[in-house]
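**Student:** There's a structure below that I have some questions on.
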Number of protein chains: 2
Amino acid sequence: MGNGDFVYPSSSDRQCATHRVAIPPPQPFFMSFKNTLKETFFPDDPLRQFKNKTPSRRFILGLQYFLPILEWAPRYSFQFLKSDLVAGITIASLAIPQGISYAKLANLPPILGLYSSFIPPLVYAMMGSSRDLAVGTVAVASLLTASMLGQEVNAAQNPTLFLHLAFTATFFAGILQASLGLLRLGFIVDFLSHATIVGFMAGAATVVILQQLKGILGLDHFTHSTDIISVFRSVFSQIHQWRWESGVLGVGFLFFLLVTRYFSKRRPKFFWISAMAPLTSVILGSLLVYLTHAEKHGVQVIGNLKKGLNPLSFGDLVFTKPYITTCLKTGIITGIIALAEGIAVGRSFAMFKHYHIDGNKEMVAIGTMNIVGSCFSCYLTTGPFSRSAVNFNAGCKTAMSNVIMAIAVMLTLLFLTPLFYYTPIVVLSAIIISAMLGLIDYEAAIHLWNVDKFDFLVCIGAYIGVVFASVEVGLVIAVAISVVRLLLFVARPRTSVLGNIPDSTIYRNVEQYPNANHVHGVLILEIDAPIYFANSSYLRERISRWIDEEEDKLKATGKTSLQYVILDMTAVGNIDTSGISMLEELKKTTERRELKLVLANPGAEVMKKLNKSKFLENIGQEWIYLTVGEAVEACNYKLHTCKPEESQPWNNV
Amino acid sequence: MGNGDFVYPSSSDRQCATHRVAIPPPQPFFMSFKNTLKETFFPDDPLRQFKNKTPSRRFILGLQYFLPILEWAPRYSFQFLKSDLVAGITIASLAIPQGISYAKLANLPPILGLYSSFIPPLVYAMMGSSRDLAVGTVAVASLLTASMLGQEVNAAQNPTLFLHLAFTATFFAGILQASLGLLRLGFIVDFLSHATIVGFMAGAATVVILQQLKGILGLDHFTHSTDIISVFRSVFSQIHQWRWESGVLGVGFLFFLLVTRYFSKRRPKFFWISAMAPLTSVILGSLLVYLTHAEKHGVQVIGNLKKGLNPLSFGDLVFTKPYITTCLKTGIITGIIALAEGIAVGRSFAMFKHYHIDGNKEMVAIGTMNIVGSCFSCYLTTGPFSRSAVNFNAGCKTAMSNVIMAIAVMLTLLFLTPLFYYTPIVVLSAIIISAMLGLIDYEAAIHLWNVDKFDFLVCIGAYIGVVFASVEVGLVIAVAISVVRLLLFVARPRTSVLGNIPDSTIYRNVEQYPNANHVHGVLILEIDAPIYFANSSYLRERISRWIDEEEDKLKATGKTSLQYVILDMTAVGNIDTSGISMLEELKKTTERRELKLVLANPGAEVMKKLNKSKFLENIGQEWIYLTVGEAVEACNYKLHTCKPEESQPWNNV
């Protein structure tokens with residue numbers, strides 16, 4: 001062992017203990033600081049592949065790191081292209097109607113949905129490391145853009161300014177996403193737990209569906225709020241404005257979409273049926289309107305879409321007060337949410353296909369694609385789950401499928417936009433509703449309830465917050481509950497009594513192992529969390545209560561009195577100065593009660609700090625054991641063989 | 001064992017393992033919810049003493065619970081009175097000059113300091129459970145009151161409104177304190193860690209000392225900001241306004257106070273010398289001014305103090321906009337800080353004298369004393385450290401010393417206020433500076449640096465925040481850093497490789513025990529924190545990196561390849577659904593790499609959830625062992641004896 005060896009003051013009463021608890025060898029401050037930083041920000045050691053390489057090789061590896069296309073393009077084969085072509089065309093057929101729908105949801109010109117399916121996929125194809133992510137706009141971020149920017153500017157009264165603010169928010173979202181990746185702060189996204197996302201997505205889907213009532217019922221006026229109460233009030237206050245033509249069309253197409261989805265789900269081979277259904281609906285709907293002139297009977301249509309590729313929009317970004325604050329806020333919230341969805345989708349499919357995704361690198365890719373997008377008339381894009389799933393099912397091999405989709409969208413932009421003139425908005429609403437219904441994952445919520453009630457609370461908190469207040473409120477509620485849970489874990493650690501597993505020297509929680517035997521005269525407590533300021537008062541009180549209860553119990557049964565309190569420190573990962581004070585006070589309290597405090601198996605960090613703070617000298621190093629078994633053995637040995645003056649110096653009260 | 005017993009599918013290959021990991025017996029949801037609530041809010045089981053008692057006895061115990069005076073008054077003896085008399089008079093001699101000084105610091109009329117030392121101590125004497133706490137106003141809360149309320153109302157231009165706002169803030173602070181106690185949310189105060197308080201107090205003391213430059217230099221105009229830069233700018237921009245008479249007087253008295261304090265510290269028997277020094281300074285200073293008419297040569301004096309007891313102020317409380325928000329904010333911040341100081345002081349002295357303090361009960365007492373105080377022209381009071389230490393040193397026995405002090409202050413209010421007419425303000429400044437110097441505990445900061453760098457960071461963050469920005473900013477910085485630390489503990493848990501301690505079946509961290517031996521073909525990892533959403537992505541990446549590194553190492557040495565990955569779950573206190581997904585993914589990854597995942601010693605909570613989520617069935621219950629030793633033994637046994645088809649079904653890739 002190193003320098004940190006214990007020097008035991010007397011070897012005579014150490015016969016029982018066979019092993020020593022080591023203090024880890026001291027490390028210079030700079031070294032340990034560097035290690036901590038590395039573990040915190042570079043757990044995946046991204047520079048590992050650069051070791052022992054020539055400078056030119058390093059340069060190539062570095063380029064490949066930021067542009068993964070340089071890695072896979074040279075190995076790209078015709079076989080791959082065939083698969084990617086099918087996948088790309090399939091997702092394009094989904095991207096076009098969805099893009100138009102979501103742009104409407106964001107209160108932006110419908111053409112923006114097509115623009116946003118052209119440039120960002122190209123950027124992602126170069127920089128992204130997922131092979132299955134299909135880039136596009138998403139419903140939740142679109143809705144958020146509409147509601148958050150809508151507080152500053154009315155989209156109907158000032159559409160140009162609103163559009164420019166949307167570009168600016170996208171720009172900020174991209175900057176945020178890329179910086180999170182570059183600064184290796186990707187773990188912030190991890191604070192959106194699975195439970196949060198289930199509840200949040202279901203809530204957002206509910207809200208988006210409610211918004212579609214406007215299109216389905218053919219209403220002209222609608223509330224700008226997203227909460228369920230405002231929406232219902234708005235819908236039911238104008239019952240006589242409902243248009244049955246619109247409603248029939250909407251319900252009909254929704255039924256069609258749901259049936260195809262159900263069919264494809266039952267027979268995964270026919271995934272393309274549900275993938276093509278939206279485009280089919282758009283074509284059928286447009287034809288129907290064109291033939292029946294339904295646009296004159298209350299069925300709203302998209303109208304003119306400008307022909308041509310994305311215009312430049314860099315000059316449109318607004319960096320002046322008072323708008324910049326709103327854009328910044330919108331960018332941050334939509335950016336984080338879009339990022340969480342993109343990363344989660346990328347990871348899930350990577351898991352399926354057994355390849356690795358570097359979260360921080362993905363963030364840089366998604367961020368860059370939004371920064372570039374915001375300069376080319378695109379609004380916020382990410383990797384939506386539905387579109388990526390279709391991409392995956394269609395058998396995509398590489399990010400090339402995104403390029404194919406972009407080309408298909410480009411051709412649409414150049415030549416086909418006039419065809420959308422007669423597309424009824426109600427069909428778009430049906431497409432959105434059918435996509436959103438898939439996001440309400442009630443089975444996952446039931447699973448959460450069964451496995452972890454607290455996660456269920458987080459989920460339902462997010463749902464209720466989103467549906468009854470607003471998307472931001474729901475998110476804040478869910479994250480707050482999640483963080484409170486983490487804090488509660490530390491602030492209220494579990495302490496449990498250990499007992500001896502029969503025929504062994506193993507000691508375990510008596511609640512988990514009801515057959516474990518109490519040891520006479522010894523109270524063995526396990527602490528399940530680091531001892532920090534947040535729990536040191538609690539632990540002090542809780543441990544005294546354990547001692548009180550144990551003494552009461554022993555008194556009631558008339559057995560031997562309590563002599564030793566052993567703290568099993570195995571699960572105590574760390575300790576701070578408040579924790580050390582707590583141990584010092586605990587030692588005083590136990591001494592006053594004629595008890596001896598014994599520690600079992602303190603870990604490296606804890607030993608280091610106990611040593612530095614002189615607590616080791618204070619408690620006496622011979623009262624620290626490597627295992628609970630050895631501690632109990634030593635206690636028994638001292639109880640029965642040693643002279644009281646020697647082994648119990650605290651016994652002088 | 002209970003219902004939760006494992007049913008092992010085949011007993012033939014279980015020869016090596018001797019113990020089973022139990023799933024704790026299932027508990028109905030309501031029961032476990034009740035237990036969790038109890039552990040969270042009632043860790044000290046305050047109703048314990050009421051068990052098995054008659055209703056009348058319960059009533060008396062309940063009264064005694066809220067009014068501890070009913071408990072100790074019947075046993076009060078003449079002996080006690082003698083001690084309390086000495087202590088009470090000593091602290092009164094400190095309370096009068098300090099009270100006046102701090103009231104000036106709060107921009108309130110000096111007489112308020114005396115009022116606040118009369119009513120609140122009487123309330124506390126009835127309700128408080130500390131025997132050593134001496135009630136009074138404190139510098140930091142006074143300064144905060146001045147600066148926070150000063151943002152709303154100028155104390156010089158509108159002193160009456162400012163005064164009423166101070167009462168209102170005190171009222172809100174009291175309500176907050178009492179509610180925290182009644183709702184058993186006292187642990188919120190624990191989030192102000194020891195390190196935070198050291199840094200915060202030193203910063204606040206520095207700021208208060210800086211403010212005294214006004215009094216010492218005899219300046220008429222002074223900045224309203226508290227940060228060091230504004231203060232220095234204000235002081236040095238008016239060099240020609242400095243009054244040497246004032247300066248000489250101030251420095252002289254400061255020297256006198258510091259010398260007495262130094263002397264009393266060296267000889268604790270003469271504690272009364274430093275305790276009496278402030279009053280002596282006030283008397284000497286007043287005499288000097290009276291005799292030399294220094295008030296006409298630039299030495300400012302207190303002037304008229306109104307004779308008579310506290311006027312009622314209930315009607316003065318301001319509950320109207322826009323002031324109520326400011327009062328609420330001020331009340332919350334000053335209330336929390338005052339509470340933290342009072343509780344910490346009470347606990348420290350209780351620890352010395354070996355009695356117990358119930359934090360939540362103390363909060364109710366301190367809160368009530370402020371609510372009552374705010375109705376009788378008092379502003380925020382708590383148990384200041386300096387005054388309580390004097391009380392303790394003077395040998396107080398019960399809270400009666402507070403009553404004695406209150407009577408002494410009452411007599412002063414009734415008869416002696418005119419004597420303070422000539423008291424020079426510069427003497428009050430000297431008294432404040434000398435008290436504040438004691439709060440700058442640089443030794444504690446050095447200790448923090450030595451023991452725990454992160455705690456030092458918290459401390460210095462609080463200090464710099466308070467001194468360079470403002471008291472609130474410093475507090476927010478310190479609490480934020482502390483909370484980030486807790487979150488980082490969970491978000492970035494330590495994983496470490498375990499090795500076999502020679503001549504034992506014990507497995508420990510190889511960094512802490514450099515002599516522990518690696519086991520061939522087996523990678524043993526310990527996880528030091530609960531597996532929650534915040535760390536599940538991290539753990540997935542970190543564990544794969546451990547496996548990569550281990551395989552690289554084995555390849556380099558040409559030894560046997562890796563076959564098993566054992567996760568020691570001892571320190572994993574809990575798991576959520578994200579954590580379970582992580583384990584499921586980890587299992588898939590390891591299988592793909594032809595490795596077998598084995599769990600060792602999952603705790604009660606973890607077993608419960610793994611069972612509910614069907615992960616136990618998924619991993620195979622025969623791959624969960626009670627100790628790492630048994631897991632390794634079983635792996636070795638299977639490696640050497642079992643047929644590959646049977647024991648390694650994952651080996652089909």
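Including glycine, each Cβ sits where the backbone N, Cα and C put it.
Residues or ranges marked as transmembrane segment by TrEMBL: A:133-150, A:162-183, A:195-213, A:242-263, A:270-291, A:332-352, A:364-386, A:398-416, A:421-440, A:460-488. Positions annotated as domain 'STAS' by TrEMBL: A:512-635.
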**Student:** Quick check for me: are there 3+ Cβ pairs below 8 Å between the transmembrane segment (A:162-183) and the transmembrane segment (A:195-213), leaving out pairs under 6 residues apart?
**Tutor:** no
**Student:** Tell me, roughly as an integer, the mean pLDDT over the domain 'STAS' (A:512-635).
**Tutor:** 88
**Student:** So, do the transmembrane segment (A:332-352) and the transmembrane segment (A:364-386) meet, by the test of 3 or more Cβ pairs under 8 Å (sequence gap 6 or more)?
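**Tutor:** Between the transmembrane segment (A:332-352) and the transmembrane segment (A:364-386), contact is present.
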**Student:** Could you check whether the transmembrane segment (A:242-263) packs against the transmembrane segment (A:133-150) - three or more CB pairs closer than 8 Å, residues at least 6 apart in sequence?
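**Tutor:** The answer is no, given that the two segments have fewer than 3 Cβ pairs within the 8 Å cut-off.
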**Student:** Of the residues in the domain 'STAS' (A:512-635), how many are helix, strand and coil by DSSP?
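**Tutor:** Counting residues by DSSP class gives 66 helix, 21 strand, 37 coil.
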**Student:** Taking the transmembrane segment (A:398-416) as the first stretch and the transmembrane segment (A:133-150) as the second, find out whether 3 or more Cβ pairs fall under 8 Å, excluding pairs closer than 6 in sequence.
**Tutor:** yes
**Student:** Does the structure show the transmembrane segment (A:460-488) and the transmembrane segment (A:133-150) touching, where I'm treating 3 or more Cβ pairs under 8 angstroms (sequence separation 6 or more) as a contact?
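**Tutor:** Yes, the stretches contact each other.
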